[in-house]
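Here's the structure we're looking at; comments come further down.
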Amino acid sequence: SEATETAGENVKAPFELLKGGINGLDKVVLRSDRGSSAEVLLYGGQVISWKNEHGEELLFVSHKTNFKPPSPIRGGISICFPQFSNHGPLEQHGFARKRVWNIDASPPPFPNSSPNKTFVDLILKSSDDDMKIWPHSFEFRLRVTLGPSGDLMMTSRIRNTQTDGKPFTFTMAYHAYFSVSDISEVRVEGLETLDYLDNMQNKERFTEQGDAITFENEVDRVYLSTPKIAILDHEKKRTFVVRKDGLPDAIVWNPWEKKSKAMNDMGDDEYKYMLCVGPATIENAVSLKPGEEWKGRQELSLVPSSYRSGQLNPGRVLRGS
């Protein structure tokens, strides 16, 4: 049975802990005063739900994912650490998304913690098993914050806790699956003229030629030195805005039909209703000396799309603060 625990000593608890949910996986629920919400599994530190104030789900989670460790969860926002994809010797996307994180009751101070935000702090430390496959001692602190207007913020702080004086390097990404009406109706703006590594062509480097990214087949790219990004959903008349700090790159991925059919945790047609866009640091791995800390942050917001001559116009969104 699900048990509920509230955390914090304020009148309004910052979050709710639901124990023993799907397959016994504990999760944290964040709620804003206006009715938006987010759910974070302790397994993987993974956000599996983000709803606006109307209760509409903004993230995609495959109906075929089984929520059974040690399998990764297909959807939501997963943490790829200490390796993104196959950019290194570890398993695909590293191991952090397949570990149980702990709630951090006394984290070091985070900036920008206003009282009208609801948040949870999670922590992952290297285990003996982790040290066998990646022999580096670390602490990974993750704060997931739901702003008063429903914005979702994720701040990662990774510290080298080695005692042998040795540095370590890592790549990292927030692998976010956005829910879309129809992938053929979606365009991504903000990446024009930028270079990208094409994972469909052995990570070869190209320059984006289009004035927006649209989808007619499988796309698997890492865009480099990216600014803010807008994901325009024509049918739902809404735009996701992705802002980031400390994460220079951005992944853009849709598996399309052939790959979806080959994946056992993805429905054959589910590629139509999802798009992965995620801030990352991939091209240049981060190197940390003992005692050093790295910080990366993303902020996701949803805005109504504005129309002009029948076309969506995200320019105002991209130029905004």
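Even glycines carry a Cβ here, placed using N, Cα and C.
For Arg74, Gln92, Arg97, the entry in TrEMBL reads substrate binding site.
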Within 10 Å of the Cβ of Arg74 (substrate binding site), how many other Cβ atoms can you find? Include all protein chains, please. 22
My understanding is the cutoff is Cβ-Cβ under 8 Å with a sequence separation of 6 or more in the same chain; which residues meet that for Gln92 (substrate binding site)? Ser85, Asn86
Across the listed substrate-binding residues, Arg74, Gln92, Arg97, what is the farthest Cα to Cα distance, given in whole Å? 13
Could you name the residues, excluding Arg74, Gln92, Arg97, of the same chain that surround the substrate site, i.e. Cβ within 8 Å of the Cβ centre of those residues, in sequence order? Pro72, Ile73, Ser78, Cys80, His93, Lys98, His175
For Arg97 (substrate binding site), what is the tally of other C-beta atoms lying within 10 angstroms of its C-beta? 22
